[in-house]
Amino acid sequence: MDALSLGIGHLLTLPVLVSVFAGTVLGVIVGVLPGLGSVVGITMVLPFTFTLGQIPALALMLGIYCGSVYGGSISAIVINTPGTPQAAATALDGYPMARRGEADLAIGWTTAASVIGGLFSVAVLIVAAPQLAAFSLNFTAIEYFALGVFALICIANVSRGAMLKGLLSGVIGLFVATVGVDHVTGDMRFTFDNFEMTAGISLVPAIVGLFALSEVFVRASETHVLKETSMFRVGFRLPPWSEWKPRLGILFKSCAIGSFVGALPGTGAATAAFISYSEAKRSSPRRDRLGTGEPDGLVAAESANNAVTGSAMVPTLALGIPGDPVTAVMLGTFVVHGLAPGPRLFTEHLDLVYAVFFILIAVNLLMFVVGAVGAQAFTRVLRIPEPILMASVVVISLIGAYGVRGNPIDLIIAFVFGVVGFLFRKNGFPLAPMVIGMVLSEMIENSLRQGLLITRGDFLAFFERPIALALFVLTAAILLWPPIRWALDRRGKANTKNMDWTSE
Amino acid sequence: MVRTSVQHAVLAGAVALGLGAALSVDAQAFPEKPVTIIVPFGAGGGTDITTRTLAGPMAEALGTEIVVKNTAGAGGTIGAAETARARPDGYTVGMMPVGPMTTQPHLRRLPYGPDSFDYICLAYSAPSSLVVRKDSPFNSLKDMIDYAKANPGKLNYGIQAVGSIPHVAGLGVKEASGADFQFIPFKGSAPTFKAMLDGTVDMFVAHISFLTKNADQVKSIAMLMDERVATAEDLPTAKDQGFDLNFPIWGGIVAPKGIPAEAKEKLEAACEAGMKSDAFGERMSQLRMPVTYMSGSDFEAFVRSEFARNEGLLAKAGLKKN
């Protein structure tokens, strides 16, 4: 109880409150701008994190972290370009909604889902951090491989209706991520002796090209009928309770998926959002409408990716294992202040742990305010005349693509992926499977090869591990269920309808 | 980035005193515009933070702004190549760590090598340590080696990247002891550390700040240094245990080959002044890092000896491809 009040005391000081505010606002802004994300946000405030006290520094970084994961959804909705890779799944339903003139409502859905996802994961962090940390240690390379294979189902789930094209898109994504250094042997792959290519194809320029530039190309290629832009509603509209009620199941399932994935270091919010979206696509009563502007998709993607933020603190605080550059910098501030993250943090510096909890709660609540106020401005973007909007998208996206690594080749990569995205869209290939492939490729490949090194080349040993085995069985069951159900239906009803389970 | 208001005031004052003419002659000299330091890794990492810490006091000594630019990718080689290719005028330098300078060039053909640079100073050199889990039965190199010899092929050694210094150090341990263990490559320190906590790997080589940060969960069985470290006096070195294993994790400032002598002198002096400043010393002690300065010529000799030593170890392991 003492630590609890100390923790609240840490939050309720002017420097901390100012840092929470500044961090959240900055986080939402870098999240909204395509290409820029939490890492760029952290870079901008890095000098301050040294001079600020420890708690204000943590507040600043947590604000940027959560704000940027949320902010990415706004550009996904408004300009069909996920502001960060984490928001790629949000574009699938957010943009169709905005095209219908309901950007204000779409932002309402994602803002509420993000805040609920974020708060849910803080609750998980408060209740079960040490237990979750211990559980995450059951996940060795072999379990990561099984999880990666399981997550590949997402490709099939988001490709319904265009299964072959979706699978092809996914395979291209898996392949693209293998360009560059082979992390197990150190050899170079598919670089064609071009030195610049040895850095590989980074996710951000690829996504900026696939979504933003291709959108610009598509619009430029269409015969121009100037649309009545004022049909877009500006502002912020929360969906009514009657709309929420049937979606509570999806909401909490997605929160749980996000919190679980977040607790595994090195997986990340993009993976969580896709697994959750794909689960909604599999199980939602409104699954046929997913991809056409169905709120289920927004709820699933955004509550899951924001649920990652809180639970990513689990391995960071309880084990000292950072999941990404942001949590790594956070750990750095612990060291500077002479604190050791790890199990002892929870016994000896409980007030600090509570301070992190309260900061996270404050950040999530503030995110709601920033979203509601900011939406007034963000939705107005849709009323900007199309030529000006599209030109700005090109400039902003290319800045983002270059900003990640400071490598000029990323501009070429963004352009090439813009052309690929354009050809994909024109020919009905879905883009999301390619992103899923790129996100999962490295995890699947590296964990498979690490696992084989650990078992000294024995793949059958993978099935001796219970969690991995369960994931493999689940994967097989989900993939085999549609044909089995079809066969059962047919036998039951002696129905001679054509089998077309790929497009259901 | 770090021009102080005091400097502006001094400058303005000098001009006001009628020294404008003298100053304008002086202004032709180096530096007349900001200096960029390329960091070949992402923002927020160890190299980046050390560079940003040094940039402040170094800029003050140099009398110009210093911009830190992160060019990440391919194990730091993209940033190193960018530095080597930059115009040799002293306005673009790089903070180059041990990996891209002395191990990566052996793993594949790169558009640079030790001859592509002029050497300004060594900026940091942190001891590395062979770490195991706190509850591990190994308390010394000998414990580990005895076990490895009795149980060949049983031990797993985690590495943060193929050809990285922790990997080369592992090759050194293998060669010096004759112990047999399997290398398992991960991507970076965090997953390697996790693999040790989940029991997948038995040991890996880490930076001293990692050891202090995670003292609850890991212990050192040998500091891979010739001499005991001031910030960790109680930890035995490999040398104490009879093995010659010295694998510091270092980095220093280099410039593209052929910068003007004046620029080189001024950068070297600014680096030395920056490293001896209180601000830098204080920050380094918070990170449990010793302050280790070397002049440009000493640094060059050091880089070349490390380059040759690591070449030998990588060649014996069959990893040398260039």
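Counting starts with 1 at the first residue shown.
Placed from the backbone N, Cα and C atoms, the Cβ positions cover glycine too.
Under the heading transmembrane segment, TrEMBL lists A:12-33, A:105-129, A:135-155, A:167-185, A:197-218, A:352-375, A:387-404, A:411-439, A:459-481. Annotation comment: TrEMBL describes A:17-436 as domain 'DUF112'.
Remote same-chain residues near the transmembrane segment (A:352-375) are listed as 3-4, 6-8, 10-11, 16-17, 20-21, 23-25, 28, 32, 54-55, 58-59, 62-63, 66-67, 70, 74, 104, 107-108, 110-112, 114-115, 118-119, 122, 125-126, 129, 235-236, 306, 309-310, 313, 317, 339, 345-346 (criterion: CB distance under 8 Å, separation of at least six residues from the stretch ends).
Among the recorded stretches A:105-129, A:135-155, A:167-185, A:411-439, the one sharing the largest number of Cβ pairs closer than 8 Å with the transmembrane segment (A:197-218) is A:411-439. Long-range contacts of the transmembrane segment (A:12-33) within its own chain (CB-CB distance under 8 A, at least 6 residues past either end) are made by residues 40-41, 44-45, 52-53, 55-57, 59-75, 83-84, 87, 359, 362-363, 366-367, 370-371, 374, 378, 396, 399-400. For the transmembrane segment (A:459-481), the partner stretch with the most Cβ pairs below 8 Å, chosen from A:105-129, A:135-155, A:167-185, A:387-404, A:411-439, is A:135-155. Away from its own ends, the transmembrane segment (A:167-185) comes close to residues 152, 155-156, 159, 191, 197-201, 206, 424, 429-442, 444-446, 449-450, 453 of its chain (Cβ-Cβ under 8 Å, at least six residues beyond either end). Long-range neighbours of the transmembrane segment (A:135-155) within the same chain, counting only residues 6 or more positions beyond its ends whose Cβ lies under 8 Å from a Cβ of the stretch, are 166-167, 169-170, 263-267, 271, 274-275, 277-278, 314-315, 319, 433, 436-437, 440, 443-444, 446-448, 450-451, 454-455, 461-462, 465, 467-469, 471-472, 474-475, 478-479.
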